Structures are given as C-alpha cells and as structure tokens.
Amino acid sequence: MIEMRTIESVLGNTTFYALILATCTSWINLFLLKSKICSNISKLSTLFSSIFVVGLLISRWTNGKYFPISNLYESILFLCAILLIGQQLAELKLSTRLIRCLNLPLVLCLYWFGNSGLPPEMRIITGLAPSLQSNWLMMHVSVMMLSYGTLILGSLLCLLFLLLKTYAPKKTDTTPVATSAISITSDETNTTLLEAKSLSKSLLDIIDIWSYRLIGLGFPFLTLGIISGAVWANEAWGAYWSWDPKESWALITWLTFAIYLHARLIKGWTGQKTATIGSIGFVIIWVCYLGVNFLGKGLHSYGWIG
C-alpha cells in the first residue's frame, strides 16, 4: 500500500510539472520563440502528461479494485486524460498549435484544482459507497465524462473561432498579435500578411467544421449518459428524475447543445453564430461539472465538495 502511494505521489508530481512545461513552452512557441525544438518539447511534454495521467488512473484502478471514477478527484483525472488525448488528436487534423495553447492551461488549472483545491481525503482510495456499488457506475459516469471531454473540446474550438475572427488581420492590420495568431498552420514556416488572410479563412472553416463534429460526437454521449443516469437513479432512489442540481444543469447543457445542433442542421447556421452558441455551452458545461458542487448538496453527494 505504501509503495502504491509512493508511485501515485511520483506520478502526480511528475504530471503536474510536465503540464507546466507543456503549457509554458506552447505559449513561448506561439509568441516569443518560433522554433521546432520548443514546439517538440511542448508536444512531448503533452504526450508524457497524458501517459502519466492514464498511469495514475490505472494505479488507482489496480489498488482500489474498482474503475476510478467514484468521486470528483478521480473524475478530474479522467477528464484531464480525455482532454489531453483529444487535444493531440485534434492537432493532427487541424495542424495548429493554438488549440494546444488554449487547452493546456485549462488542463493544468483543472489538474491543480484536483490536487490542491479538493479535500485530501478525496485522494485516498477507499471502498465504494453503497449507492455506487452498481454496474451502472462505469456506464453512466464514464459516458458522461466522455461527453464532457468532447463537448469541452468542441466548444473550445468555438472560442478559438471567435478569437481568430476577432483578431484576424483586417485591411491594414499588421499588429503582432494579429499576425502571430494567424501564422499557425505550421511550426516551421512564417507567412506573410497576405498569406495569413487566406490561411485565416481556410483555418476558420476547418475549425468551424471540427467544432461541429466534436459537438456532434459529444451530444449523443451526453444523451446516453443522462438516460443511463435516470435508469440508475430509479434503481437507487426510486425515481427517474429528482431535479437534483446536477441533473438540472445536465439538462440545461443538453438543451444548449441541442440548440447548437438545431441551428446548424435545421437553420443552416455556420460560423460566428453557431460559434457563439458553442462558446456559451463551454461556460455551461463547467457550471454543470464543477459549479454546482459549490451551490449546495444534492443526491449526487459523493461528488460534492465539503
């Protein structure tokens, strides 16, 4: 047991420093030092961070004999792993380092909160609470976390779309912020302002498409997670829906992204309009996942702080 705790402690600290290194080098590479070495350090640090987080989850799974998503701390580790892996896959498709610059600080803050902002007893591996001793645990919670991860990445791309739309070079705009934000299609090449304008348009289209695809992927996961949670709630508490704060905000999240998909599929909206809806969804997801933990107690008491 002591050896496992030591392994977890080493993995936890190494992950934190790897995330700091990845975050710092990604921002340095974007604004100060556009070098391949700096970019590769950022990529490798991100890769190792994701491996270490997965290692932490496997360690807790092996030691606790249950799938490690039983409390807020473990769900934060699970979400960090999804966001890091999803970011690396998105970079392969988008060929831009801006998604890294937005996602890594988010993951770093989330990981820091899980290790420093939560009560220490949450990090101690204990037996499952009676209400969690169900086959629905892995099904419901893992699907919900997958939905959160994909929806966060999709809505993060919506934010990126709005940022690029706002700071893209205009007719005579040659400010460093504008040009550095657009010269992102390759870590090795620097583009002229004219090239940046054309790259900006194509890049915005790609970001718009991939934000739609990610949100389109996350929405069925969220739907399945809510349905499986309702079935589990009926077994555990005798009611499918109790208007618990977590349930209510999950419904608000579902409605927000339903509006996003409705706007794209039925209304034919694209670009800035849908990116705005997706950006609102980004805030709502975090209220649903973390914010309600500070509002009061509910039926999801195992996930509350304090």
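Glycine residues also receive a Cβ, built from the backbone N, Cα and C atoms like all the rest.
Note that this is a predicted model, so its numbers are computed, not measured.
TrEMBL annotations:
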DOMAIN    70-300  domain 'Cytochrome c assembly protein'
TRANSMEM  14-32  transmembrane segment
TRANSMEM  44-61  transmembrane segment
TRANSMEM  67-86  transmembrane segment
TRANSMEM  98-114  transmembrane segment
TRANSMEM  137-164  transmembrane segment
TRANSMEM  210-233  transmembrane segment
TRANSMEM  248-265  transmembrane segment
TRANSMEM  277-296  transmembrane segment
Mean per-residue pLDDT computed across the domain 'Cytochrome c assembly protein' (70-300): 80
Stretch of maximal Cβ-Cβ contact with the transmembrane segment (137-164) [cut-off: under 8 Å; candidates 67-86, 210-233, 277-296]: 210-233
Contact between the transmembrane segment (14-32) and the transmembrane segment (277-296) (at least 3 Cβ pairs under 8 Å, separation 6+): no
